[in-house]
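Written out below as structure tokens is the structure these notes cover.
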Amino acid sequence: MDTATMMMLVLVASIAILIFLILKVKIHPFLSLILVCIFVGIATGMPLPKIATSIENGMAGTLGFLATVIGLGTILGKMLEVSGGAERLARTLLETMGEKRAPWAMTIVGLICGIPVFFEVGFVLLFPLVFIVAKQAKMSLLRVGIPLAVSLMVVHSMVPPHPAAFAITTTLGADVGKVILYALLVGTPTAILAGPIWAKFISKKCKTGVIKESEPSSETPSENLPGFGITLFTILLPLIIMVGKTVSTLFLAKDSAFLPIITFLGNPMIALLISVFVAYYTLGLSRGLKMKNLLTLTEQCFGPIAGILLIIGGGGAFNQILVDSGLGNELSKVLMSLNMNIIILAWLIAWLMHLAIGSATVAMISTAGMIAPMLAAYPGVSPEIIVLAIGSGAIGWCHVNDSSFWFVKEYLGLSLPDMFKSFTAACLIASFVSLGGILLLNLVI
């Protein structure tokens with residue numbers, strides 16, 4: 001058996017073992033990734049001490065930057081949550097657009113509020129508003145809730161500072177500002193087509209997700225919520241800074257005295273650090289909170305992100321093992337021999353990984369590790385486009401092995417068949433539509 005064939009068998013076996021450990025044995029994805037790293041190292045003949053060193057280097061190289069960024073992003077999301085900022089944004093948009101356009105308003109809310117918060121947090125945060133709006137507009141929860149869920153999923157998979165999107169941006173050496181800009185260009189029409197447009201069509205074919213008259217609803221008094229303008233500014237500030245840095249570097253001379261300052265401020269860590277302290281004031285201190293309250297809120301942020309950090313670190317270790325074992329180079333050669341478009345290939349691997357594993361985060365990080373060694377052979381394709389392709393593929397196939405599937409199902413009160421017809425189908429539509437948008441974008445940049 002030649003080396004290439006043996007390496008491919010090891011890779012296939014490692015993915016199969018990873019899926020088996022997560023789905024059947026019910027071992028946490030982080031531990032499963034570490035076990036698979038050890039398997040790959042032994043199977044490819046790496047010395048045992050080097051396997052341990054490779055795992056350590058992969059974890060350190062990935063989390064050294066990302067742990068800070070994810071921690072800061074989580075604080076920003078917490079401030080949005082406790083201040084009522086998300087509810088303020090949603091209410092203002094609904095008042096402006098009208099109840100008949102409620103699904104469209106919830107799409108915009110999801111795209112904005114989804115930037116600093118995790119999918120589950122954003123959905124829980126905004127679901128009471130979904131309930132109120134659906135009741136007032138005499139629409140089903142499905143009609144209003146699916147657009148919100150889809151827009152949150154699109155942002156979750158494609159737009160930094162979300163952990164997985166940030167992780168693969170770092171792995172592939174892409175520019176964060178460009179990724180954000182391109183992701184919003186592609187993600188907005190994607191969320192519209194797979195959200196309100198699809199929900200309007202499919203809601204007529206679903207019988208569940210309807211509000212019962214006996215179910216109560218509650219609203220926070222408007223005077224207790226922060227202002228719309230200051231909330232929107234606070235949420236978008238890190239994106240403004242990071243995208244501003246990217247745009248500025250296009251126009252400033254390389255010897256400009258301002259370039260080092262702009263580059264420093266546009267670093268994701270610095271941009272988020274600035275935004276956190278702005279949020280402390282705009283959504284906290286100015287509304288009567290004390291520093292001790294902010295300290296408590298900040299401490300509450302870090303426990304829930306421990307799991308996601310370890311999974312991302314495990315993904316980094318898997319990536320490093322693929323490189324150090326030589327498996328990544330062999331995979332690169334095999335995939336290149338297929339003569340498949342690298343964008344479609346990145347999308348397809350992430351698409352299949354999410355289908356099999358049920359975690360968009362694990363699918364994205366694992367795919368980035370497989371694709372990274374190939375990028376040098378495709379100098380005409382920007383790494384930002386590959387980041388989007390991986391995120392686009394990971395949107396697809398949100399089904400029974402994904403916790404997000406059950407999360408949305410229970411909150412919207414959908415039957416299993418209706419959940420497949422609505423949310424799973426919407427995610428598949430979003431995946432294909434965004435791929436089309438990415439391929440078009442690649443032609444013009």
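Every residue gets a Cβ built from N, Cα and C, even glycine.
No curator has checked TrEMBL annotations; they are predicted automatically.
Now, the feature entries from TrEMBL:
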type: TRANSMEM; residues: 7-23; note: transmembrane segment
type: TRANSMEM; residues: 29-48; note: transmembrane segment
type: TRANSMEM; residues: 104-134; note: transmembrane segment
type: TRANSMEM; residues: 141-159; note: transmembrane segment
type: TRANSMEM; residues: 179-203; note: transmembrane segment
type: TRANSMEM; residues: 224-244; note: transmembrane segment
type: TRANSMEM; residues: 256-281; note: transmembrane segment
type: TRANSMEM; residues: 302-322; note: transmembrane segment
type: TRANSMEM; residues: 342-363; note: transmembrane segment
type: TRANSMEM; residues: 375-397; note: transmembrane segment
type: TRANSMEM; residues: 423-444; note: transmembrane segment
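Listed by sequence, the residues of this chain that lie at least six past the ends of the transmembrane segment (423-444) yet keep a Cβ under 8 A from its Cβ atoms are 146, 149-150, 153-154, 158, 182, 185-187, 189-191, 193-195, 198-199, 202, 343-344, 347, 351, 381-382, 385, 388-389, 391-393, 395-399, 405, 408-409, 414. Counting Cβ pairs under 8 Å that are 6 or more residues apart, the transmembrane segment (7-23) and the transmembrane segment (342-363) reach 3 or more and are in contact. The stretch with the most CB contacts under 8 Å to the transmembrane segment (141-159), chosen from 224-244, 342-363, 375-397, is 375-397.
Counting Cβ pairs under 8 Å to the transmembrane segment (375-397), the stretch among 104-134, 179-203, 342-363 with the most such contacts is 342-363.
For the transmembrane segment (104-134), the partner stretch with the highest count of Cβ pairs under 8 angstroms, out of 29-48, 179-203, 224-244, 302-322, is 179-203. For the transmembrane segment (342-363), the residues of the chain that approach it from at least six positions outside its boundaries are 15, 18-19, 22-23, 29, 33, 153, 156-157, 163-164, 308, 311-312, 315, 335, 370-371, 374-375, 378, 381, 385-386, 389-404, 431, 435, 438-439, 442, judged by C-beta separation under 8 angstroms. Cβ atoms under 8 Å from those of the transmembrane segment (179-203) belong to residues 103-104, 106-107, 110-111, 139-140, 142-144, 146-148, 150-151, 154-155, 158-160, 165, 169, 209, 239, 242-243, 246, 384-385, 387-388, 391-392, 421-422, 425-427, 429-430, 433-434, 437-438, 441, 445 of the same chain, restricted to positions at least 6 beyond its ends. Cβ atoms under 8 Å from those of the transmembrane segment (29-48) belong to residues 7, 10-11, 13-14, 17-18, 21-22, 54-55, 58, 307, 310-311, 313-315, 317-318, 321-322, 324-327, 357, 359, 362 of the same chain, restricted to positions at least 6 beyond its ends.
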